[in-house]
Amino acid sequence: MANVAPPKPAPKPGQVVVYRALYDYTAREAREMSFNEGDLLYVSDSGRDSDWLTARCGGQTGLIPRSYVLSAEYIDYPLHDAAKRGNEQLVTECLNNAVSANSLDKSGSTALHWASYAGHTSIIRILVAVPNMCISAQNKLGDTALHAAAWKGHAECVRILLERGANTSIRNNERKRPIDIAADAECRTLIHLAMSSISQLHSVDHEYLSESDAEP
């Protein structure tokens with residue numbers, strides 16, 4: 001029996017799927033959007049019209065034929081790939097076109113995991129500035145972005161993540177915290193200082209509450 005190619009992912013409500021245009025398309029009506037071969041199309045399904053999809057491209061928003069998506073090139077995890085390769089322009093483009101910074105790839109990792117693993121500080125700064133970014137999200141191995149940065153010995157990445165409140169106490173599936181797998185002394189020192197600071201803060205809060213309870 002002949003092998004049949006798996007169907008391309010269909011956009012779901014609230015989800016953005018990215019395709020690369022394989023040929024030019026010229027809008028025929030005002031509500032449609034024109035694009036050129038090679039453009040990235042950020043497609044979402046409004047669910048209001050079975051024949052048309054809402055898409056963004058080059059700062060413009062409009063409708064494109066749903067049938068076109070069937071022949072376009074699907075881009076698998078564009079934000080993750082851009083973060084992994086340190087492509088600031090594509091990371092920014094994805095975010096500006098509503099690709100979720102918290103989206104997960106097959107390993108359960110966010111783009112922040114990959115930027116931290118690869119040591120791309122500029123990408124990390126872009127991602128941690130996104131509102132509601134889950135800085136301490138765990139992937140299927142239980143690792144956070146801080147685990148990834150510490151394990152690879154990227155001290156500056158560790159510093160940025162800690163400054164943005166990365167959780168130092170989360171344990172992965174092997175029961176290891178980021179400090180337990182840190183590759184070098186600088187990373188361990190940074191994490192240790194952050195953990196000590198949190199411990200001291202909790203100690204002060206406890207003493208304050210104890211004194212308050214003791215007042216007549």
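Glycine is no exception: its Cβ is also placed from the backbone N, Cα and C atoms.
Annotation comment: TrEMBL describes 14-74 as domain 'SH3'.
Note on the repeat 'ANK' (107-128): DSSP counts are 16 helix, 0 strand, 6 coil. Residues annotated as repeat 'ANK' in TrEMBL: 107-128 (among others).
As annotated by TrEMBL, repeat 'ANK' applies to 141-173 (among others). Nonlocal intrachain contacts for the repeat 'ANK' (141-173), taken as residues 6+ away from its ends with a CB within less than 8 angstroms of a stretch CB, comprise 107-108, 110, 112-121, 124-125, 128, 135, 179, 181-184, 186-188, 190-191, 194-195, 198.
When pLDDT is averaged over the repeat 'ANK' (141-173), the result is 98. Listed by sequence, the residues of this chain that lie at least six past the ends of the repeat 'ANK' (107-128) yet keep a Cβ under 8 A from its Cβ atoms are 79-80, 82-86, 88, 91-92, 95, 101, 134-135, 137-141, 143-146, 148-149, 151-152, 154, 156-157, 160-161, 164.
Across the repeat 'ANK' (141-173), DSSP assigns 17 helix, 0 strand, 16 coil.
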